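K.L.:
Please read through the structure below; I'll follow up with questions.
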Amino acid sequence: MIRHDYSRVEPKRRANLSHKKKQFAKAEFQEQNYEHRLNFYILPPTAEITLEEFEQWAINRLKVLSELEACTFRNKSPEETAEYMKSILDKYMPMRAGTSKSQYLQEERKKDHYSHFILRLAFAATEDLRRRFSRLETMLFQLRFKDDDFIERQSFVRSLNLEWDEVQEAEKRELKDRLLAAAGGSMKNSDEQEWFKVDWERVPVLVEQRRVFVKRGKAYVPQREQMSLVVAEFTKKLDEALELTSRALPRLDEDDRLAPILAHLSQSFTAPDAAYSSSDANIDGLSAINANSIDTLSQNFPLCMRVLHNTLRENSHLKHFGRLQYTLFLKGIGLSLEECILFWRKSFKLMTDDKFTKEYRYNIRHAYGDVGGDSNRRGRGYTPYSCQKLLTEPLPGPGQTHGCPYRTFTPDNLISTLQRVGVNERDVLKTVREDVGKQRYHVACNRVFEWSHKKEIKKVKDDGSWSATDLDTIVHPNTYFKRSWLLKHLGEGNTGIVPGGSGDRMEE
Ligand code: SF4
């Protein structure tokens, strides 16, 4: 389904394809028509897409799934999750109802279909990834199912041919009392709605919660519980498909176009990747940053950068990887090259000018793209590191302080570091400890952010000046800074600005 400038089949060989293979190839490139907004993803995609579409659609879906996962980590109720996810879905995977008659319907549904299958490939490799993917996809399906137009939803359910037996009128009358008893007294008459008979194993949750009547191995499910039935079926089919995909995966390793993209996507389950957006350097209301302002601004830095800043202040020195991480971050918040050189020169106060110029100045200029590098990077230098990069690089050695402290510090050391920067609420620290124990490092960081800015977040939510995507999960240290600064300076001439979510315009 991938189209690219180069093909793995040489033109000469292609001409000799057998009759059967040609037939198969023709069938492979059919455009599909998407009749429904909801999809059980039974048929794999067959049309061509470019490698860029392949990657971008998958990244957008991943963003949606990871925001859903973040909702469960933060124990949001189903209503809060639906509310929060609305604008995330509108931004990354809009899916209009058929009644909207939008000209984008087919395109939106196609992206949904393809991105599901791409992530299926990326997350089929291990049991753990499969389980997570299945759980999040089920949540997404359920969210859309609830939100779907009633008539379209019914038409979709009918199209599934799920082999449910409709309970006939005579049987309904015969079992009336038992059906109503199982329905919990909320229904006056069993004629009020349709009932279905299914094998009880297909609705274990309803049986466990005694919300259905069971007779001779069949559960009698009222139509209002239809969602449980459909969702259980969705999960069952997806789990089976993931098993099959995992067995087919070794063959994909041979594809040198897809393997690196899929590897990158599955890594993004640690923390979704976000490339640096230059909008993070344009902060309305923040006057030009210079070498002297960094101490004050460090109050708004994420822990990874605060640790580097504090180490630099304590030792008047920082090791190579820490310097690089911090330089790129400072560049990303808008510090000019000249001011950055001045900042490091002043910070390395125990060092002679000569030594600084010989050993350190060049590396700073290099990071900014002022010298060295290939012609592509010249003038731009390197991009500030994302959380994903910091969370997946090799652990720092003795004396090094780069990386993400939520991952690199021991839990006790992390908690005392957080206390030193003012995070002193016992419950928050306890949950952070649990988060890092489960390797949910960026979730812990977001939890600390939310706690440290809770008053301000409440304000922008209450007055509606920021949307849910403006407050989505932070996955880039530069987004952390920008959002923190804006929130802490509300009402100082920066209200009404769009703060720029972590998934904004991507730039390498
Ligand atoms: Fe920095 Fe990201 Fe770690 Fe937070 S999660 S401390 S922003 S690397």
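All positions are counted from 1 along the displayed chain.
Quick reminder: no glycine exception, Cβ is built from N, Cα and C everywhere.
So TrEMBL says this about it:
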- Cys304, Cys387, Cys404, Cys445: [4Fe-4S] cluster binding site (BINDING)
- 1-13: compositional bias 'Basic and acidic residues' (COMPBIAS)
- 299-481: domain 'DNA primase large subunit C-terminal' (DOMAIN)
- 1-21: region 'Disordered' (REGION)
K.L.:
Among all the protein chains here, how many other CB atoms are within 10 A of the CB of Cys387 ([4Fe-4S] cluster binding site)?
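P.N.:
Excluding its own Cβ, the number within 10 Å is 29.
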K.L.:
Give the number of CB atoms, excluding that of Cys445 ([4Fe-4S] cluster binding site) itself, located within 10 Å of its CB.
P.N.:
28
K.L.:
How would DSSP class Cys404 ([4Fe-4S] cluster binding site) in three states?
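P.N.:
Where Cys404 ([4Fe-4S] cluster binding site) sits, the three-state DSSP reduction gives coil.
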K.L.:
Near Cys404 ([4Fe-4S] cluster binding site), which residues of its chain come within a Cβ-Cβ distance under 8 Å, counting only those 6 or more away in sequence?
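P.N.:
Expected: Leu303, Cys304, Cys387, Leu390, Leu391, Tyr441, His442, Cys445.
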